[in-house]
Amino acid sequence: MGTKAVFLLLALLSFSAVSLRSALAENEEDPGLVMNFYKDTCPQAEDIIREQVKLLYKRHKNTAFSWLRNIFHDCAVQSCDASLLLDSTRKTLSEKEMDRSFGMRNFRYIENIKEAVERECPGVVSCADILVLSGRDGVVALGGPYIPLKTGRRDGRKSRAEILEQYLPDHNDSMSVVLERFAAIGIDAPGLVALLGSHSVGRTHCVKLVHRLYPEVDPALNPDHVPHMLHKCPDAIPDPKAVQYVRNDRGTPMVLDNNYYRNILDNKGLMMVDHQLATDKRTRPYVKKMAKSQDYFFKEFSRAITLLSENNPLTGTKGEIRKVCNLANKLHDKS
């Protein structure tokens, strides 16, 4: 082998070794999402979050609905990075203030959990992980399944308000649109049906359903359910600031169960998306299956929440670990 060939071979081997070391270092630096990510840096993190969720749920039962809804509203919009929690600034509008976020509340309790975690491990646990884990523990508080979820997310620095409507379907959208939005983040029809089972708990504000009552009652509604809806929503144009709502499930309003599916098969779904879920040929078979089997509902629900929680997270050195959940660090440091 000639001298030039030897030098070329050595150069190639050296380059390969550098590339390998670089790849290994990058992998060590960014393991992505893993189970028990904080086992060395903050071993008590998940226990603290769980205890805080239990404590806050004991004081304010409706917090669990909020935590569950947070996962969808944050993770479905491009990245699971706690952008939902950011307040508005002079330059950007908060996702929390958009129409798609109507009725969302209890964000201050996420700050309570963050404060408790910060006391134990300052600057270690992200708001994105707190958002996801509080949602998981909220599901358990509501009688739902425990879902093992990976951690290691980091926090985004900016709101995604301007693109919110590109990702979050509206309750009046066609089932085709809803299916497309979920498919874009890897969630199939049974996963979608299971996620909408979240409507088993909580309530629907009158502004979201009066179009089914006024000026005429939607003939698709179960006539036995209409008087209750009219009683709860007596105004054709309700005040959006008034606390006027209908419980999603009158039978077990505080329990995440498969009663929702029996209700919508009986034409007692409150919003159009509920009605369509039970009537569209692409989703109805799964609705019927979940109405019959809570185990099947919980299995698909757990799978869908896992997929949602792992949607395009920031990991490694991307993003930041916010000091408080409602402000990016650069804004917090100025205050």
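Note that Cβ sites are derived from N, Cα and C of the backbone, with glycine treated the same way.
Just so you know, TrEMBL annotations are computer predictions that nobody has curated.
For reference, TrEMBL has these:
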type	residues	note
SIGNAL	1-25	signal peptide
DISULFID	CYS42-CYS121	disulfide bond
SITE	ARG69	site 'Transition state stabilizer'
ACT_SITE	HIS73	active site, proton acceptor
BINDING	ASP74, VAL77, ASP81, SER83, GLU95	Ca(2+) 1 binding site
DISULFID	CYS75-CYS80	disulfide bond
DISULFID	CYS127-CYS325	disulfide bond
BINDING	PRO169	substrate binding site
DISULFID	CYS206-CYS233	disulfide bond
BINDING	ASP249, THR252, ASP257	Ca(2+) 2 binding site
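Taking the mean position of the Cβ atoms of ASP249, THR252, ASP257 as the Ca(2+) 2 site, the remaining same-chain residues with a Cβ inside 8 Å of that point are SER200, VAL201, GLY251, PRO253, MET254, VAL255, LEU256, ASN258, ASN259, TYR260. With every protein chain in view, the residue among the recorded positions CYS42, VAL77, CYS127, CYS325 whose Cβ has the most Cβ partners within 10 Å turns out to be CYS127.
Excluding ASP74, VAL77, ASP81, SER83, GLU95 themselves, the residues of that chain whose CB lies within 8 A of the CB mean position for the Ca(2+) 1 site are, in sequence, HIS73, CYS75, GLN78, SER79, CYS80, ALA82, LEU84, LEU85, LEU86, GLY156, SER159, ARG160.
Annotation for ASP81 (Ca(2+) 1 binding site): spatial neighbours ASP74, ALA128, ARG153, ARG154, ASP155, GLY156, PRO313, LEU314, GLY319, criterion Cβ-Cβ under 8 Å with sequence separation of six or more. A Cα-Cα distance of 18 Å separates ARG69 (site 'Transition state stabilizer') from CYS206 (disulfide bond).
For HIS73 (active site, proton acceptor), the nearest neighbour among the listed recorded positions (CYS42, SER83, CYS206, THR252, ASP257), judged by C-alpha distance, is SER83.
Counting every protein chain shown, the number of other Cβ atoms lying within 10 Å of the Cβ of ARG69 (site 'Transition state stabilizer') is 21.
The Cβ of CYS121 (disulfide bond) has 15 neighbouring Cβ atoms from other residues within 10 Å, across all protein chains displayed. Cβ neighbour count for ASP249 (Ca(2+) 2 binding site) (all protein chains, 10 Å cutoff from its Cβ): 21.
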